[in-house]
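One structure, pasted below without further comment.
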Amino acid sequence: MRLWLRGLACQALRSSWGVCRIHTQPPPPPIPEVVATWEAISLGRQPVPEYFNFAHDVLDVWSQLEKTGHRPPNPAFWWVNGSGTEVKWTFEELGKQSRKAANVLEGVCGLQPGDRMMLVLPRLPDWWLISVACMRTGVVMIPGVSQLTAKDLKYRLQAARAKSIVTSDALAPQVDAISADCPSLQTKLLVSDTSRPGWINFRELLRAASPEHNCVRTRSGDSVAIYFTSGTTGAPKMVEHSQSSYGLGFVASGRRWMALTESDIFWNTTDTGWVKAAWTLFSAWSNGACIFVHELPRVDAKTILNTLCRFPITTLCCVPTLFRLLVQEDLTRYKFQCLRHCLTGGEALNPDVRDKWKSQTGLELHEGYGQSETVVICGNSRNSTIKSGSMGKASPPYDVQIVDEEGNVLPPGKEGNIAVRIKPTRPFCFFNCYLDNPEKTAASEQGDFYITGDRAHMDEDGYFWFLGRNDDVINSSSYRIGPVEVESALAEHPAVLESAVVSSPDPIRGEVVKAFIVLSPAYASHDPEALTRELQEHVKTVTAPYKYPRKVAFISELPKTVSGKILRSKLRNQEWGR
């Protein structure tokens, strides 16, 4: 079912890419039919289509619109590495290359619809190609960050029963170390210009593959992606999204919160392993915008600012941690000729950061809030009035409320749980379930609502004000870190008798991991500073390095309940002065 082409191909899009549109407003482009479809679904006037595939029903349609002159000539994808190398694809070229990639997945890899492929790559063009190839073949992609250790990879490959993994040279040794323990793993695909024993070289196969491929017919409810999200009481859980929850669900955020059009060039600095990368892919391409990517082997403020000056980027999205770094620079030295819209999310934004950014650039920071389980739940859209410190208003089609512990809706001004109404009608832009964890899926629902686990209050004007989390998950620089994962890593060191991990305030990262440790008797007399460094390095080798405790305190005993459960909340409140 092609959602856009009908009725649009005969309309001419007058706007074209040339100079940046800063002081003038172009004529509004014709609204793509997918937007009308989304609005009809959200209003209950039209059901979610039985069949939907983002690659076929969206990307291939934009390719046709390019051919008929109904889209500006800016690329669909633009990648740079900071050393002079650039990759640009139109939607037509993206279609050609992704069909070749689809043939690689179906051919040599032998993958079929419903099979799962783990995708762990840095910011390389191959990540976007393989993501689209997964959609074309019905293969379910499982993105992961490049900092995963062998232990992390083993757990994810086993839990997801992944049949294939795609990664780069840097992570291949870790995969080799655990692949024998992953019985479902059949093929290992290497994105590299060199070969490695036991691996299939993706780039070699891509060059030789046929550009002809028939996209599989997928149902709207078929799985498109699985994300592992950190929890507080055990191993990361699997969040499953469908073709329609992402493929149709991000039309709204793309047009409203991100304010993207066919003429925009959108840069989100996120890592490919985080859900924000998928948000960008679906939001930008559903609206015909260009996705800009900088390889960013090392993320630093000057690289970001210089890139904004050098390239015609119109829309920028960074986590608050990065904006905290950017405002420490003298922003008056940088001239952003094309930048018109700035977005942030993933953690609370300090009002002073927003004020500093606006005072030096003239641009607002538009905060948004969502989860791995959802799309954008609420946000400050481009033309809305911003209340500094607020996450903005509910994003359609969500009915967002503040509820008490029994699921009763609270009046404005009352603190409670952020909740999304899922009954009598579950929003189509919502995760399917926590895979293989029906208990967790059931526990996330209360009455008519899905409970986010975050607390806030809503004011009389419908703006939401974030207060904190119900759970113990640590949100450091937008990296969600489960305390159990860090505590388990610490427990593998002989110096640690027991530990409790909580968040601790940090002026740059918002919050960081702090470990309270009770030492084994044999280590009680060791030098605290040296032991701290040793434990930090130990955690980095056992789990993803971003999880290591930046702060360590050695104490004689941990606070516990009468039943022996560690009271992380008491330690956390102590850190935050509550």
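Using N, Cα and C of the backbone, Cβ positions are placed for all residues, glycine too.
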Would you mind telling me which one of Lys88, Lys96, Lys393 Swiss-Prot calls N6-succinyllysine?
Lys96
With Swiss-Prot open, pick whichever of Lys154, Lys276, Lys335 is annotated N6-acetyllysine.
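Annotation hit in Swiss-Prot: Lys335.
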Out of Lys163, Lys188, Lys302, Lys547, which residue gets the N6-acetyllysine annotation in Swiss-Prot?
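Residue annotated N6-acetyllysine in Swiss-Prot: Lys302.
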Going by Swiss-Prot alone, which of Lys100, Lys151, Lys414, Lys540 is annotated as N6-acetyllysine?
Lys151
What residue among the binding-site residues Glu367, Asp454 has the most other CB atoms lying within 10 A of its CB?
Glu367
For the C-alpha pair, I'd like the distance in angstrom between Asp454 (ATP binding site) and Lys151 (N6-acetyllysine), rounded off.
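Roughly 29 Å, rounded to the nearest whole number.
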Taking the recorded positions one at a time (Lys151, Thr229, Lys335, Gly370), which has its Cβ surrounded by the most other Cβ atoms within 10 Å?
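Highest number of other Cβ atoms within 10 Å: Gly370.
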If you skip the near sequence neighbours and keep only those at least six away, which residues in the chain come within under 8 angstroms of Lys96 (N6-succinyllysine), Cβ to Cβ?
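Non-local contacts for Lys96 (N6-succinyllysine): Pro211.
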Run through the Cβ atoms and count how many others sit within 10 Å of the one on Lys302 (N6-succinyllysine).
11
C-alpha of Lys151 (N6-acetyllysine) to C-alpha of Ala235 (ATP binding site): distance in Å?
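Cα to Cα, Lys151 (N6-acetyllysine) and Ala235 (ATP binding site) are separated by 12 Å.
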To the nearest Å, how far is the Cα of Lys335 (N6-acetyllysine) from the Cα of Glu367 (ATP binding site)?
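Just about 23 Å between their Cα atoms.
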